Amino acid sequence: MRNKSLILEARDIRLAVELIELGARLQLLEAETKLSRERLLKLYKEVRGESPPKGMLPFSTDWFMTWQPNIHASLFMAYYRFFERHTKLRGLELIIKAYRMYLEQVERGQMERVLSLTRAWTMVRFFEARMLQMATCKECGGEFVAHAYDPTKGYVCGLCHMPARAGKTRKAIEAAAAGA
Ligand SMILES: [Zn+2]
């Protein structure tokens, strides 16, 4: 019994460190591990050399609908759904895998890291709560994050309807889509 709890604790510490390195907020760590808040605060300071930011998690689905966040959120979801279909990864492991792929793509495309791990994690919960859905763009055929209650017929994505100065993002997304 004692051994088992030690093993679980070691697992939680490894997981917490990985999540903190990826930029997770305290609320995510509290939800996904059994470690105490005090313990997590200490780990956070050890890993990042500073205290975690205070404040609530973003609760609204609206952030995912604005132009640049939507592209990044959709890129993450493309990876998420791919690994959901083709691997046995589930839950947090699946989120971490998809997020690492997203980060690689962002680095390759020299883009800004718009989607944080905490946002990605929150988004998956929005999908599970059926507050979000994927919509297929009628122009490019790509799949994008949309509100669950919006009609998806005739949907046109942010890349097909793009602000003039976003060419770099587009190129990187297209490269990602071709590679996936
Ligand atoms: Zn499109």
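The count begins at 1 with the first shown residue.
Quick reminder: no glycine exception, Cβ is built from N, Cα and C everywhere.
Those TrEMBL annotations? Automatic predictions, nothing curated.
The Zn(2+) binding site annotation in TrEMBL covers Cys137, Cys140, Cys157, Cys160. In the three-state DSSP reading, Cys140 (Zn(2+) binding site) counts as coil. For Cys140 (Zn(2+) binding site), the Cβ neighbour count at a 10 Å cut-off comes to 14, with all displayed protein chains included.
Taking the centroid of the Cβ atoms of Cys137, Cys140, Cys157, Cys160 as the Zn(2+) site, the other same-chain residues with Cβ within 8 Å of it are Lys138, Glu139, Gly141, Gly142, Phe144, Tyr155, Val156, Gly158, Leu159, His161.
Among the listed binding-site residues, namely Cys137, Cys157, Cys160, the Cβ with the most fellow Cβ atoms inside 10 Å is that of Cys157.
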